[in-house]
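Right, one structure below, let's go through it.
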Amino acid sequence: MLQWLTTDPLNGIVVTITFFISLIIGRYLREKRSQSGYRGRMIDSRIMIFAAFILIIAMTVMKNWHIPVIISILCMFIALRLGIFRDYTKKIIFPLVLALFILAIQGLTYGVNIIDLGFISVYSEGIEYGSLIFSRVFASASVLVLLVITTPENELLGSMRWFGVPGTIIEICSLMTRYIRTFSYEGKKLKLAQESRCGFSREQGFTKRMHNIASICGLLITRAFARSEEIYIAMISRAWRPGLQYPKDYLPLDKRDIMFGLVLSFGIIGLIGLDRFL
Amino acid sequence: MKSSLVDLGGLNIHISDGILEPRWILFWYVLSAIVIAAGLRVINKRIAVDPVYLPRISLIGAVVFVISVWHIPVPVTGSSSHPVGTPLAAIIIGPFAAVVISAIALFFQVFVAHGGLTTIGANVFSMGIVGAFGGYLVYRSLKKFSPLWFSAGMAGLIGSILTYLMTALQLALSLNPENVMYYWKLYSLGFIPTQLPLAFAEFAFTGYVIEYISRTKQDLIGTEGHGMDRFTKTALVLMVLITSVIAAGAYIGYLGGSDMAGVDSTVETLAAPDADPGGIGVRLMARFGEPLGFAFVGIIGGLFTGYFCTELRRRT
């Protein structure tokens, strides 16, 4: 123990000083935050979409599975911490089905070095490549799922104009989002009414059941057609006209958001560099 | 989009993030953006003449989205899955508007992790462009010769099959560029157990829906169609005849003990004995695989001949 003190003290002094100064600063920041009632500021949804997009792009250029796996685990922890793990797992299943399908096809067909598993033979190159694709899909889907769960959809749609999406698409989007719920509700009511009249009985064959579903769908389409006339009249009465130019009413980005976005972008580029280094 | 609305089930064939290579992401985005821009142009032109068209396509788009996430029973497999929906949309609102609607619907489907942000271009191309245009062309071609339910049903069937064939091609091009044709077939075969029965379900579904609408609101679909002119009919008859002759010849050869190796050796000895083995044609075939290379040649040749035939006829 004593020999530690008799040798070069520089490293020990540096680590001690930095640790305790950081400790004091950390305590001070925490107290200041609790005093001011600071609850944390939400990151601007535009920055979140941008960062998620470039992170997903970065994942697709990665040549090793390490970073995608770390990101997937990190996303799982975030989902657990936010209390959305169940929703996260439900949503992540669908992309993983396709990823597993690709892993199976690559493992069974791609490569030259055969690994005999007893009941089946697979190719090592195919397994390696398929695993890389699987890890990429897992990580990308995790990031996407976290984005859509934590960002309200009206914010996502609102930021579309900022990204330069044409006005017609935004108009169609806003009308569609409003009426998807309405028609979904109406469709369910119609289906329930049909069910109560034994329209979906298990005893009925494929043709009859399909006929019943199609009748409901056809009815929904004709209702949508009729309702569109009413909406048009309502839009006209609110001074809407074709080719109406909407004001660019989105807020400018906050300086801190820009900084945060830049740091994230450089961090993501750094991850690509790290992946090449691995 | 709440989960109650979009309780999707079964294997969906939307490509997720992380599967496609960046150059293919960009390629499909650019291709889809061109068609979406054309679709927007068509919609804007139509809105200028008929302003009610905007709420109409939006509402019908909303319904088609709702329908496309409903489960329909799939024969043989005993399970249920959701229909593609774009052939149905193309029949009702036109293929260009259907492409725009499908792009928006795919964006919404990202909210339930179906598809992905970076793969919207690829998914719009397979589902929106290939599915909608393929289905719509089948519908318009068959409408004059067959009952409405059958032409609409065939549109659903072909649109669905084309969508999954295109998805398989997209996967093969990105994941296995060194052997595209082999992996295209492999991915297509892999999709068959779920997608082929679904295509038949889509046949019944689209046929019934269009039949229902035609009985209750005929003006929504429009009964009059553009019939085929003499030139188109002759071309289609010739196509079927020549294909039949080739197929019959190959079958006779097969019965006679031929190895079905094609006419390569005949062409090399009789038609082009001095052909350069490293020529652009050979390299193209090696790059894309023979069927895709011949398809490319067929498309270019057909377009060129069709264009100049029309020009010649107009002059004379």
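Using the three backbone atoms N, Cα and C, a Cβ is placed for every residue, glycine included.
Residues 53-54, 57, 94, 96-97, 99-100, 103, 118-122, 124-125, 128-129, 170, 173-174 of the same chain lie 6+ residues outside the transmembrane segment (B:24-43) yet bring a C-beta within less than 8 angstroms of a C-beta in it. The transmembrane segment annotation in TrEMBL covers B:24-43 (among others).
Here TrEMBL flags B:55-76 (among others) as transmembrane segment.
Remote same-chain residues near the transmembrane segment (B:88-108) are listed as 1, 14, 32, 35-36, 38-40, 42-43, 46, 56-57, 60-61, 64-65, 67-68, 115, 120, 123-124, 127-129, 131-133, 135-136, 139, 152, 155-156, 159, 205-206, 209-210, 213, 220-221 (criterion: CB distance under 8 Å, separation of at least six residues from the stretch ends). Positions annotated as transmembrane segment by TrEMBL: B:88-108 (among others).
If you look up TrEMBL, you'll see B:120-139 (among others) marked as transmembrane segment. Listed by sequence, the residues of this chain that lie at least six past the ends of the transmembrane segment (B:120-139) yet keep a Cβ under 8 A from its Cβ atoms are 13-15, 20, 24-33, 35-36, 84, 86-91, 94-95, 98-99, 101-103, 106-107, 110, 151-152, 154-156, 158-160, 162-164, 166-167, 170, 206.
Non-local neighbours of the transmembrane segment (B:148-172) in the same chain are 13-15, 19-20, 24, 28, 83-84, 86-88, 90-91, 122, 125-127, 130-132, 134-136, 138-139, 141-142, 180-184, 186-188, 190-191, 195-196, 198-200, 202-211, 214, 221; each lies 6+ residues outside the stretch with a CB under 8 Å from one of its CB atoms. Per TrEMBL, transmembrane segment is recorded for B:148-172 (among others).
For B:234-254 (among others), the entry in TrEMBL reads transmembrane segment.
Under the heading transmembrane segment, TrEMBL lists B:292-310 (among others).
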